[in-house]
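Student: As listed in TrEMBL for this protein:
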- H405: active site, proton acceptor (ACT_SITE)
- 44-47, K58, Q111, 116-117, G182, E197, N212, N270, R375, K393, Y408, N419: UDP-N-acetyl-alpha-D-glucosamine binding site (BINDING)
- D145, N270: Mg(2+) binding site (BINDING)
- A422, N428, Y429, S447, A465: acetyl-CoA binding site (BINDING)
- 41-253: domain 'Nucleotidyl transferase' (DOMAIN)
- 1-272: region 'Pyrophosphorylase' (REGION)
- 1-37: region 'Disordered' (REGION)
- 273-293: region 'Linker' (REGION)
- 294-533: region 'N-acetyltransferase' (REGION)
- 507-533: region 'Disordered' (REGION)
Amino acid sequence: MRIKRRRFDSYPGSQCSVQRPRSAGETVTDPAPQHPRPAAVVVLAAGNGTRMRSKLMKVLHPVGGRSMIGHVLTAALHVEPAYLVAVVGNSREQVGPHILEQVPSALLAVQETQEGTGHAVRVALDALREAAGTTDGVVVVMAGDTPLMQGETLTGLVEAHAAAGQAVTVLTAEVPDPFGYGRILRDESGAVTAIVEEKEATPEQAAVREINSGIFAFDGAFLADALARITNDNAKGEYYLTDVVHIARGDGRAVGAHRIVDVMQTEGVNDRAQLAGLGAELNRRVLDRWMRAGVTVVDPATTWIDADVVLERDVTILPGVQLLGATVVGEDAVVGPDCTLKDVEVGPGAKVVRTHGELAVIGARASVGPFSYLRPGTELGAGGKIGGFVETKNAQIGDGAKVPHLSYVGDAEIGAGANIGAGTIFANYDGVTKSRTKIGKQARTASNNTFVAPVEVGDGAATGAGTVVRRDVPAGALAVSAGPQREIPGWTLRKRAGTPMAAAAEAALAASATSHTDPTGLARDDDSGAQSE
Ligand code: UD1
Ligand code: CA
């Protein structure tokens with residue numbers, strides 16, 4: 001995803017001589033792309049996106065685990081442009097760094113005032129000319145708010161454009177409701193003559209259902225010339241990029257339309273309702289792709305998988321699962337129902353049930369849940385177990401080790417094969433510093449223990465129930481800290497006389513007086529650890 005500098009010497013038109021500088025020792029394995037490599041892709045992202053009603057710039061809103069513009073940049077890089085130029089405006093301090101993080105070599109062109117798409121592209125070409133010395137070659141223009149746009153579609157556009165030798169090729173689509181879009185006007189022969197905006201369209205023109213997607217391939221030299229000739233004498237008082245089409249025809253240059261059937265790729269987001277709509281469609285497409293690749297998705301309606309998630313064959317996703325960020329799930333693993341995993345690595349054959357996890361690693365054939373909370377830095381070894389109502393953080397739990405019930409494991413290392421008793425707390429924080437606890441291999445710690453970090457329990461050591469471990473426990477030792485138990489007979493009858501509690505005790509004592517059993521059930525001398533399984 002991260003692309004370093006992308007500057008190439010030759011432009012399309014120079015046909016087979018497409019070359020890129022290579023560093024010494026770099027192996028020459030990638031063949032030249034089949035399509036002509038564009039001189040630039042221009043991504044327009046200066047608009048305010050006021051209809052989002054958000055502090056966050058429109059193109060930064062996340063969908064499918066990336067920002068909207070993140071999807072667009074991925075598509076743009078697919079055509080391997082020599083330069084990627086992003087037009088940013090008011091909130092450039094938000095958008096600029098975000099773009100550079102993904103495409104460090106991107107040129108940021110600043111459009112101080114938003115005077116229309118034509119003006120925005122002019123600003124982009126100024127930046128391109130400054131960097132490349134020319135605007136010659138194919139220049140692709142696209143908006144930053146069409147998250148479903150695919151790189152292959154752009155490649156198709158560039159190929160069609162180059163093959164026909166046109167000055168302008170516009171990506172179009174036929175939609176049921178063209179309202180708000182620029183309409184594609186054609187003459188009797190079917191050739192594109194102009195694009196008319198909604199506000200300028202006559203009723204007859206407005207009835208046209210072929211729309212301008214806002215994505216174009218241009219002859220860059222022509223584009224620079226034509227943009228100098230457009231005016232803002234129109235309903236919006238803006239410089240319309242679309243006017244370039246009319247200018248091309250006036251100059252006797254060819255204009256073409258490249259129509260795609262998959263209309264949703266061209267759809268832009270203007271408000272949050274559209275964002276949710278396209279987000280759902282993106283998810284549907286991602287799920288479809290994984291199902292075709294051999295993943296079982298039991299309930300696509302309640303399953304959400306981000307664009308960058310990777311699933312191996314025969315993974316099963318049960319209902320109510322969100323797999324987010326860079327999550328990876330290995331072969332034969334079963335996730336769900338009801339899990340949210342973000343940036344989690346799930347090993348092959350693992351089972352994860354009703355779990356919330358982030359930045360965690362779950363080993364092969366391990367078992368997690370139900371109702372487990374895996375916080376960052378959790379690493380569960382192969383065949384290990386994190387059970388019900390267990391929270392873990394920054395914890396390395398070894399192969400085959402188990403934390404089965406009701407525990408908090410923070411800042412800990414648990415050796416292979418160790419078993420942690422129910423209700424154990426790793427007390428990692430004294431209010432000032434956080435410290436680590438180490439539990440040795442094959443150790444057996446009993447229920448309701450507290451490990452007061454920093455502390456270490458040796459290999460094969462054990463603890464008794466209710467132990468508060470404050471000192472290191474040597475390998476093979478049993479640590480017991482609970483005080484000896486004491487009973488005060490008849491306490492309830494004296495101190496709680498007249499209560500239902502006293503009545504119950506009195507009845508039991510009366511019954512035992514006749515049956516001679518031990519109603520307390522406490523006749524045990526076992527001080528070691530009642531473990532829970
Ligand atoms: C534009 C097209 C329309 C097309 C539609 C597709 C024009 C005149 N109209 O209309 O034919 O059907 O897109 O969605 O081109 N932008 C800037 N700077 C500006 C103005 C806009 O960077 O000064 C950016 C916006 O951030 C956005 C893109 O350009 O990413 C499109 O602008 P927008 O205002 O949404 O154009 P539309 O009215 O939708
Ligand atoms: Ca728009």
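All positions are counted from 1 along the displayed chain.
Including glycine, each Cβ sits where the backbone N, Cα and C put it.
Keep in mind that TrEMBL annotations are predicted by a computer and have not been checked by a curator.
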Student: So which binding-site residues are near N270 (Mg(2+) binding site), with CA atoms within 10 Å, out of A46, K58, Y408, A422, Y429, S447?
Tutor: K58
Student: Any idea what the Cα distance is from A422 (acetyl-CoA binding site) over to G116 (UDP-N-acetyl-alpha-D-glucosamine binding site), rounded to a whole Å?
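Tutor: A422 (acetyl-CoA binding site) to G116 (UDP-N-acetyl-alpha-D-glucosamine binding site), Cα-Cα distance: 65 Å.
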Student: Just to be sure I understand the contacts, which binding-site residues have a Cβ under 6 angstroms from any atom of ligand 1? Candidates are G116, N212, R375, N428, A465.
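Tutor: Near ligand 1, sequence order: G116, N212.
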Student: When the Cα-Cα distance from D145 (Mg(2+) binding site) is computed for each of the binding-site residues K58, G116, N212, S447, which gives the smallest value?
Tutor: K58
Student: By Cβ distance under 8 Å, which residues at least 6 away from the ends of the region 'Linker' (273-293) in the same chain are close to it?
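Tutor: Tertiary neighbours of the region 'Linker' (273-293) are 52, 61, 63-64, 68, 71, 147-148, 264, 267, 300, 303-307, 309, 311, 313.
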Student: Return the residues near N212 (UDP-N-acetyl-alpha-D-glucosamine binding site) by Cβ distance under 8 Å, restricted to its own chain and a separation of at least 6 in sequence.
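Tutor: Long-range Cβ contacts: V170, T172, Y181, G182, R183, I184, I195, T242.
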Student: Radius 10 Å, atoms counted are CB only; among the binding-site residues A46, A422, which position scores highest?
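Tutor: The residue with the most neighbouring Cβ atoms within 10 Å is A46.
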Student: Look at each of the binding-site residues, N270, S447, and point out the one with the fewest other Cβ atoms around it within 10 Å.
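Tutor: Looking at the binding-site residues N270, S447, the Cβ with the fewest others within 10 Å is that of N270.
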Student: Could you check which of the recorded positions (A46, K58, G116, H405, Y408) sits closest to S447 (acetyl-CoA binding site), going Cα to Cα?
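Tutor: That would be H405, nearest by Cα distance.
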Student: How big is the gap, in Å, between the Cα of G116 (UDP-N-acetyl-alpha-D-glucosamine binding site) and that of Y429 (acetyl-CoA binding site), rounded to a whole number?
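Tutor: Just about 56 Å between their Cα atoms.
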Student: For the binding-site residues G116, G182, work out the Cβ neighbour count at 10 Å and name the residue with the minimum.
Tutor: G116
Student: In whole Å, note down how far the CA of N428 (acetyl-CoA binding site) lies from the CA of H405 (active site, proton acceptor).
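Tutor: So the alpha carbons of H405 (active site, proton acceptor) and N428 (acetyl-CoA binding site) sit roughly 19 Å from each other.
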Student: Over all shown protein chains, what is the count of other CB atoms within 10 A of the CB belonging to Y408 (UDP-N-acetyl-alpha-D-glucosamine binding site)?
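Tutor: For Y408 (UDP-N-acetyl-alpha-D-glucosamine binding site), the 10 Å Cβ neighbour count is 20.
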Student: Would you count the other C-beta atoms found within 10 angstroms of the C-beta of A465 (acetyl-CoA binding site) for me?
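Tutor: If we count other Cβ atoms within 10 Å of A465 (acetyl-CoA binding site), we arrive at 21.
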Student: Can you give me the Cα-Cα distance between L44 (UDP-N-acetyl-alpha-D-glucosamine binding site) and N428 (acetyl-CoA binding site) in Å, rounded to a whole number?
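Tutor: Here the two Cα atoms lie 50 Å apart.
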Student: Compute the C-alpha separation of R375 (UDP-N-acetyl-alpha-D-glucosamine binding site) from Y429 (acetyl-CoA binding site), stating it in Å without decimals.
Tutor: 16
